[in-house]
Amino acid sequence: MEKANETSPVMGFILLGLSAHPELEKTFFMLILLMYLVILLGNGVLILVTILDSRLHTPMYFFLGNLSFLDICFTTSSVPLVLDSFLTPQETISFSACAVQMALSFAMAGTECLLLSVMAFDRYVAICNPLRYPVIMSKAAYVPMAAGSWAIGGAASVVHTSLAIQLPFCGNNVINHFTCEILAVLKLACADISINVISMEVTNVIFLGVPVLFISFSYVFIITTILRIPSAEGRRKAFSTCSAHLTVVIVFYGTLFFMYGKPKSKDSMGADKEDLSDKLIPLFYGVVTPMLNPIIYSLRNKDVKAAVRSLLRPKGFTQ
């Protein structure tokens, strides 16, 4: 009987979430709900103004609109599930729903890595080669750049999700996480996952290593060009156009590298704290970063502020 249970296929998963720390659930529910509403409002307003205001029909704001839409999709694919886990004693999710949620999250994360690289290139051209900027970053160029980022991120997600759902899952069906995070799901497979691990490592190089190198080299040239500007006002103005992007990159990639690169604890008490941090760090990555993006990158931008005021001002009203 025990052997039969161990080999029976898994039809769904149980998400532990913060069930081991019930005292934190109400606090995190209110905190994450508030953050999610800010994400929807901030990114939603940004998308609206970049579409409706012709002054924002530039490559930079086109990429920002894509980033905002991506952040809304990414958080919506996981945050409702996280919020429900705080209210439900034992959150369960079907195998198919888990696969869909895993695919969406992976696709959004991969696409954001590439979008940030494309945005770095946009800033590089604007600062280092401003006279050719309209030619290099024409609509025929920047639209395929964004579309390619979505396509590559989606393709990578399909590959990894397909490899994951083909694995046999038997016996233990408890995911020690808030959502169907791919690494947490792979731990439950009762088969060799070496192909999955190798494919993940290749993907890490493509979506983490290559973009970070590209962004780093871009900013070496950007900073070198800025330092050559003779006036202090000119240097300040040039740096202000890319400082927000640099901040977003540091928050985004810093969280990812810390999440997947930190060493494992061998101490039992340390392992318990590490278990909690392994859940909270991805939560920070999945909620706080999309919340900060419109604040850091756009909502403090004078062009966006003017577009928002223009959008909210009643027709026929003049100051």
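Just so you know, glycine gets a Cβ as well, placed from its N, Cα and C.
As given in TrEMBL:
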TRANSMEM  28-49  transmembrane segment
DOMAIN    42-297  domain 'G-protein coupled receptors family 1 profile'
TRANSMEM  61-83  transmembrane segment
TRANSMEM  103-121  transmembrane segment
TRANSMEM  141-159  transmembrane segment
TRANSMEM  205-227  transmembrane segment
TRANSMEM  239-260  transmembrane segment
TRANSMEM  280-299  transmembrane segment
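Counting Cβ pairs closer than 8 Å and at least 6 residues apart in sequence, the transmembrane segment (28-49) and the transmembrane segment (103-121) reach fewer than three and form no contact. Comparison of 61-83, 103-121, 141-159, 205-227 by number of C-beta pairs under 8 angstroms to the transmembrane segment (280-299) places 61-83 first. Here the transmembrane segment (61-83) has long-range neighbours at 15, 17, 29, 32-33, 36, 39-40, 42-44, 46-47, 50-51, 91, 93, 101, 104-105, 108-109, 111-112, 115-116, 118-119, 122, 142-143, 146, 149-150, 178-179, 283, 286-287, 289-290, 293-294, 297-298, 303-304, meaning same-chain residues at least 6 beyond its ends whose C-beta is under 8 angstroms from one of its own. For the transmembrane segment (239-260), the list of distant contacts is 112-113, 116, 119-120, 123, 126-127, 183, 204, 208, 211-212, 215, 219, 222, 226, 278, 281-282, 284-285, 289, 292-293, 296-298, 300-301: same-chain residues at least six beyond its ends, Cβ to Cβ under 8 Å. Taking the domain 'G-protein coupled receptors family 1 profile' (42-297) as a whole, pLDDT averages 84 in the prediction.
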